[in-house]
């Protein structure tokens, strides 16, 4: 089955979900219909593993906009396969979990599952895209669907603010990424990603190479919540927990990492890229791990822990990026080891973090709180979640016999080997190891502290008063399955390592198939070495800090108020107030004022152009022949126009304005343009009648006395606008050096297959204009239909 058919199948499921929104009886089954999408995609991608392992990559290319090299290019290699499996398999767990989390009585289920399926469709589109512009479209679709999901409970102020904040930051990064893609097109002449990576040696010597890297980093850092763009992720926790488990831990936040991995053969050619990604990742890891200890909300803790873990993966992606420069060197195996560790921990993090979010969601759903100051001794009430969250948290902390231990060991090993790499000095290595170890200590601390406070403290019935707590099996099933995978991966890591991660490494290395020999064999025991010593130190220090320190009392007062997010909110509120004041000053419900402002800005732009190039010179002016009729019509038009300034009765003004329109109709007839005359006549008649009918239903309020200052402004704007129009006519008559667009239409008319030049212009040459005009009519019709339908429902409700 083609990759396109898979995407079409997901779109069909989305359409079915939308249809269910019309039938309340069917709406409650929307989740199970939506569940088909990740199941189908999971089966599809699992079947493709043997083919990808044999280097039989699946690709599809459908021409779209050939002149701009924008095509529907899709490609399934090892990297896209790994990410697609994570998106699809985690999707099954999350979609099923959501069917138990949401209520068909309180929630609009079709709307939620449509948004969630749209997000899954967009993420799969990102990882399969082999065209930069296509990737950008899917990239922004994830931002849009994330916005819709975060704001799903739109009556909640936190949901609204979180959705807006995440949308603004991620779209800003997306626009920067688009600029980077355009730079790549300028440098290579193609938008095809495979072809771009094949020109890496040419691109690195181009003047736009470094600016392009910065654009890519902005896109990746904003999407993957790297410092200082991390602030949107904690606010996004206002979304329903299934959204947090899927988007904000396992998939969307990994899109930035995917971007850098996909372009590693190109970006890694710059040492600057290696430095920036490595140190930004480590700073983010340290910042996230410390800030997590400040949180009282369990989802807040997990949000900052996600930021920290993403920083850890990003640091490994940065260090491993140097492989692009040293593929044939003896140290190539170190880079491959680091990249393998990044991919391994990316997979591990998706599993244990999704399980943690699901556990928090069950606690919130059943206990009614996520506050660790209220939740205590929950192991008695939630034994299954105690097991799930404890194992998942310890895996995140890097405790032995769990999958997180293996990837954390690889991370520490990678840090200690940076001294052997040409990009890092001994001092850099010491700083990297120090920051990585300190961040890991705090990671262990918040992971252990979280489960200790929620499950292993004494149950206090005075603080937690809710009764009749239960822990449904179906609700717990997805998190239990993910929990089982945590120790399973520890004992059989190479099933995933050799079967999936090595395939992804081939793509990250730029198609170097010899990387199979360089890829590490994951072992549970490497003997007593420096990474193991560091792990022991981390566990001992982290245990002491988690057990002996009451972190709820440490971050209090002014220390707690220090926050990058609060600084963003302060700036945002300031600009919001500033914009509101300006808006109220400008938008005063006066149409003539809006027209004056619009024309004024237009005149400023034209005036600036005249200042730069000089006023148009009048020479060889061609004046059309005119007779007495044209002179009379012109005098009538000018006379009526001047009289409108002094007339105070609105109805008289409307009638005279209509007369001007009819005079223009006579002008068209005199100029032998009957089609334009007929159009003008119909439009002018309808608008005049509508005006008169509207005024007949409005109170007879006389027009206010003229304000001399305002009238002078109006007359001045009108005269200046008239002069500009006349000057533009002069300019167009003197552009003899340029070919006329009308000549092009006449010569190319036969190519369209049309028999009428007007039809050819509307249907071919100006097809987009016609399309958008049609869309305007459709949207207007939908608006009218909605209003009428609303009135019908309202009347029916009143009768009932």
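Note: Cβ is positioned from N, Cα and C throughout, glycine not excepted.
Sequence-distant contacts of the transmembrane segment (1-21) (same chain, six or more residues past either end, CB-CB distance under 8 Å): 27, 29-30, 33-34, 36-37, 40-41, 44, 58-60, 62, 72, 74, 76, 108, 110-111, 113-114, 117-118, 120-121, 124-125, 128. The transmembrane segment annotation in Swiss-Prot covers 1-21 (among others).
The transmembrane segment annotation in Swiss-Prot covers 78-98 (among others).
Per Swiss-Prot, the feature transmembrane segment maps to 207-227 (among others); the stated evidence is sequence analysis. Within the same chain, residues 139, 169-170, 172-174, 176-177, 179-180, 183-184, 186-187, 233, 252-257, 259-260, 263, 267, 270, 272-273, 276-277, 280-281, 283-284, 287-288, 306-307, 310-311, 314, 564 sit at least 6 positions outside the transmembrane segment (207-227) and bring their C-beta atoms closer than 8 Å to a C-beta of that stretch.
Taken from Swiss-Prot, the feature transmembrane segment applies to 273-293 (among others), supported by sequence analysis.
Swiss-Prot lists 331-351 (among others) with the feature transmembrane segment. Counting same-chain residues at least six beyond the ends of the transmembrane segment (331-351), those with a Cβ under 8 angstroms from any Cβ of the stretch are 82, 86, 90, 249-251, 254, 257, 261, 264, 309, 312-313, 316-317, 319-323, 395-396, 403-404, 406-408, 410-411, 413-414, 417, 420-422, 482, 485-486, 489, 493, 496-497, 500-502, 504-505, 508-509, 515, 518-520, 522.
If you look up Swiss-Prot, you'll see 387-407 (among others) marked as transmembrane segment. With a threshold of 8 Å between CB atoms, the same-chain residues lying at least 6 positions outside the transmembrane segment (387-407) that come near it are 305, 309, 341, 344-345, 348-349, 351-353, 355-356, 358-360, 440, 443-444, 447-448, 450-451, 454-455, 476, 479-480, 482-483, 485-490, 493, 522, 524, 535, 538-539, 542.
Non-local neighbours of the transmembrane segment (424-444) in the same chain are 278, 282-283, 285-286, 289-290, 292-293, 305, 308-309, 311-312, 315, 396-398, 408, 411-412, 415-416, 418, 534, 537-539, 541-543, 545-546; each lies 6+ residues outside the stretch with a CB under 8 Å from one of its CB atoms. What Swiss-Prot lists as transmembrane segment is 424-444 (among others).
What Swiss-Prot records for 472-492 (among others) is transmembrane segment, and it gives sequence analysis as the kind of evidence.
Remote same-chain partners of the transmembrane segment (527-547), defined as residues 6 or more beyond its termini with a Cβ less than 8 Å from a stretch Cβ, comprise 397-399, 405, 408-409, 412-413, 416, 433, 437, 440-449, 452. The transmembrane segment annotation in Swiss-Prot covers 527-547 (among others).
With a cut-off of 8 Å between Cβ atoms, the residues of this chain six or more beyond the transmembrane segment (595-615) that come close are 586, 713-714, 717, 720-721, 724, 727-728. Per Swiss-Prot, transmembrane segment is recorded for 595-615 (among others), and the stated evidence type is sequence analysis.
The transmembrane segment annotation in Swiss-Prot covers 627-647 (among others) and rests on sequence analysis.
Positions annotated as transmembrane segment by Swiss-Prot, on the basis of sequence analysis: 768-788 (among others).
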Close approaches to the transmembrane segment (78-98) from elsewhere in its chain (Cβ under 8 angstroms; 6 or more beyond its ends): 31, 34-35, 37-39, 41-42, 45-46, 48-49, 52, 112-113, 116, 120, 123-124, 127-128, 240, 242, 245-246, 250-251, 254, 258, 261-262, 343, 346-347, 350-351, 354, 358, 361, 475, 477-479, 481-482, 500-508
